[in-house]
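What follows is a single structure, written as structure tokens, with notes after it.
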Amino acid sequence: MKLNITCIPGDGIGPEIVKEAKKVLDKVCEKYGHEISYKDVLMGGCSIDAYGVPLTEETIAAAKAADAVLMGSIGGDTSTSPWYKLEPAKRPEAGLLGLRKALNLFANLRPAYLYPELKEACPLKKEEAEKGFDMLIMRELTGGLYFGDRYTKEVDGELVATDTLVYKESEIRRIAIKAFEVARKRRSSVISVDKANVLDSSRLWRKVVEEVKKDYPDVSLSHMLVDNCAMQLVKNPSSFDVVLTENMFGDILSDEASMITGSIGMLPSASLNDSSFGLYEPSHGSAPDIAGKDLANPIATILSAAMMLRYSFNLDKEADAIEEAVKKVLKEGYRTKDLCLNDEDAFEIVGCVKMGDLIAERISG
Ligand code: NAD
Ligand code: IPM
Ligand code: MN
């Protein structure tokens, strides 16, 4: 098969982790007889530096021309980087949000799975880590607070800032359908997370999700308030299968879920529309504090590449080969620094490049 990939390395650790994911993809393609080509384009802070804007028409066109997009991460230190002196629409994050919208990537799949090999890195109670967990956060990605009107104006002598949270029935329905469809291929359980005790948008969310559920009698549905969900993720993570939620809640809950897998450096993601096209990126950011130091964990990006093979190309065996290689490396005791905060002596600590090498070497054909 021929795989035509557009890459957006981005800022901070982005270029470092994308390089390792390409290394692993190259190895998979070599072993399984596929031809892969990459086109690198700029987005985020590096695009601001080169072109004055975080997202150009050329980058959008290159993404649309590809079968799939593999991304690193964008952005800088939001307190110190000059990018954050620009007006909000010209900052790095506006590039990512603009691309998600331009490609209609409304479904963001963020699987949080505790590798048994990483039990000791899980900060939860020992019993919970022993039980393990395997959940999929299905985050709505092109609506809600991120895309509503926002403005700041002076009222009665003081500044008043407004952000609006808007959801249409159609936007809720299409993500709910994705969640029920994917639940059928997993453990057939959807927990929909909202704040229906306060927000109108959440009450509409619940109503539409209930309607969609009628077409999926084989899938169970329950509703959970988002504050309770944040608590249950720590108390009882194995009770979650598919977690369906809106944009902002999904952003926050997925960072929380990532940490109980051992590190934010473990959580991959796929951003999909209704075609086979997708954008694949780790759930974490550009980690400016460790950029350029060979400290980044590339596994979230490497696992995002596996999701790309699975979702955009139907290459399940090849995706399995990547996931198995990651498992092997962890089993053999190799860790990036983020994965062994408490027990550095028990493991062989490696940098980003070495971790990429180790995983690529273990791809079996
Ligand atoms: P972050 O995810 O970049 O970093 C949070 C913490 O996690 C840092 O201590 C960092 O070193 C650590 N970390 C993150 N990824 C890691 C990895 N792969 N290996 C080891 N450690 C890792 O979040 P932040 O500091 O809040 O944001 C930094 C910048 O990233 C901001 O500009 C933000 O807007 C941007 N951001 C971008 C994306 C994206 O591109 N999708 C996602 C989140 C944040
Ligand atoms: C993510 C990031 C983005 C988001 C930012 C960078 C706009 O945090 O992909 O999780 O909030 O969606
Ligand atoms: Mn986030």
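Quick reminder: no glycine exception, Cβ is built from N, Cα and C everywhere.
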*asked:* With Arg100, Arg110, Asp227 listed by TrEMBL as substrate-binding, which of these, Arg139, Arg203, Arg206, is given for the same site?
replied: Arg139
*Listed recorded positions adjacent to ligand 1, that is, members of Lys195, Asp255, Gly285 whose C-beta is under 6 A away*: Gly285
*In terms of Cα spacing, which of the binding-site residues Asp255, Gly285, Ala291, Lys293, Asn297 are within 10 angstroms of Asp227 (substrate binding site)?*
none
*Neighbourhood of ligand 2 - binding-site residues from Asp227, Asp251, Asp255, Lys293, Leu295 with Cβ under 6 Å*: Asp251
*Should we count any of the binding-site residues Asp227, Asp251, Gly285 as near ligand 3, judged by a CB under 6 A from one of its atoms, and which?*
Asp251
*Does Asp289 (NAD(+) binding site) have same-chain partners at least 6 apart in sequence with Cβ under 8 Å from its own Cβ, and which are they?*
Asp77
*So of all those binding-site residues, Arg139, Asp255, Ala291, Leu295, Asn297, which one's Cα sits nearest to Lys195 (site 'Important for catalysis')?*
Arg139
*Other C-beta atoms that fall within 10 angstroms of the C-beta of Ala287 (NAD(+) binding site)*: 24
